[in-house]
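Quick notes on the structure that follows.
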Amino acid sequence: MKNWINEECNKEDIVINSNISLSRNLKEKPFSNKLNEIEARENVGFIYQIVKSELKDESCIYQLWNEDKELINSYLDKQLISKELIKNKDKTAFVLNSEETLSIMINEDDHLKLRCITAGFDLETAFDNITKLDDKIEKRVHYAFDENLGYLTTSPTNLGTGMRASVNIHLPALNFNDEISNFSKGLTQIGMDMKGLYEEGNKAYGNMYKISNQVTLGLTEEEIIDNLKGAVLNVISEEKKFREVLLTKCKYDIEDKVFRAYGILTSAILLSEKECTELLSSVRFGVELSLLDISKNKLNKLLVYTRDSSLQNYLKRKLSNKELNYERAKFVRAILAQN
């Protein structure tokens, strides 16, 4: 399975990665929010022993109460864990496979949240891998399940299959034409959700968006995936149409934006987190339009490792704001200079 950060993808592919999550609870235990600290940590140990024996490759557990903040947040940047897991760090943990494509969050909103993330637009591969692991675990434990409601979860929106499917997608042309809000409203009407991958004060930046299903009750896993695929394919089609319009009407402006961004990234001494993300979006746009020849795995690595927490975790030291901006620019220059 392809790690979305390291694997090379089609340069014209505007879907960054695909993600499938399954929420599960153990029948004999209270929900995670009802467990005290001792009970929650016992649950971590119990689940880890099961998961460890079912993962064929090497796995590693991270108990959040024992881990460095920047290390934890670096896995949030890689999209392997959730903000909800971090909020209850005295009770939570997560397990990763060696490829960092499978994550098992323990005591998040539910006892288990199984997540698989893979490169590009490939929901089927993510689904196949996560269901295989889920089936193995289900043979070892009793999941909380109701014949009418399906898998029982803390959130009513996860009842049924307990599955969330999502893709992260790059939409600079739709954003440029102020069409994001219209598409977001349209997706909501068909049971989908669309939000910015990176936000500052509830305002999205970087042209990266997450599209996911909102409801699982009454739908099969296959129906959820098919519905999401249909919605995403429509968004991709519209994004490409708007790109053609931009290249026809604003060719020089687009080229200037792309090459100006590349020039700044290859020469800047200081880069803030937000500015870097926005410039990387412009360069990614240039790659997708065949204006620049840069590998997607390079851009994905930069997207992740230029986040404040990931950069500090990579350098293994805490940095002031000025040091962060200096080291970020230095890191970007070094990666882009590689053959």
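In case you wondered, yes, glycine gets a Cβ from its N, Cα and C as well.
What Swiss-Prot records for 14-242 is domain 'Phosphagen kinase C-terminal', and it gives sequence analysis as the kind of evidence.
The annotation ATP binding site is assigned in Swiss-Prot to 17-21, 164-168, 195-200 on the grounds of sequence analysis. Contacts of Glu199 (ATP binding site) defined by a Cβ separation under 8 A and a same-chain sequence distance of 6+ are given as Tyr205, in order along the sequence.
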Inset, instruction - Go through Asn17, Ser21, our binding-site residues, and report the one whose Cβ sees the most other Cβ atoms within 10 Å. - result: Asn17
Inset, instruction - Identify which of the binding-site residues Asn19, Ala165 has its Cβ surrounded by the largest number of other Cβ atoms within 10 Å, counting every protein chain shown. - result: Ala165
Inset, instruction - Would you identify the secondary structure of Lys195 (ATP binding site) according to DSSP, in three states? - result: strand
Inset, instruction - Could you tell me which of these binding-site residues, Val167, Leu197, has the fewest other Cβ atoms within 10 Å of its Cβ? - result: Leu197
Inset, instruction - Might you list, by sequence position, any residue in that chain lying six or more from Lys195 (ATP binding site) with a Cβ less than 8 Å away from its Cβ? - result: Ser184, Ala204, Tyr209, Lys210
Legend entry - For the domain 'Phosphagen kinase C-terminal' (14-242), mean pLDDT (0 to 100): 95
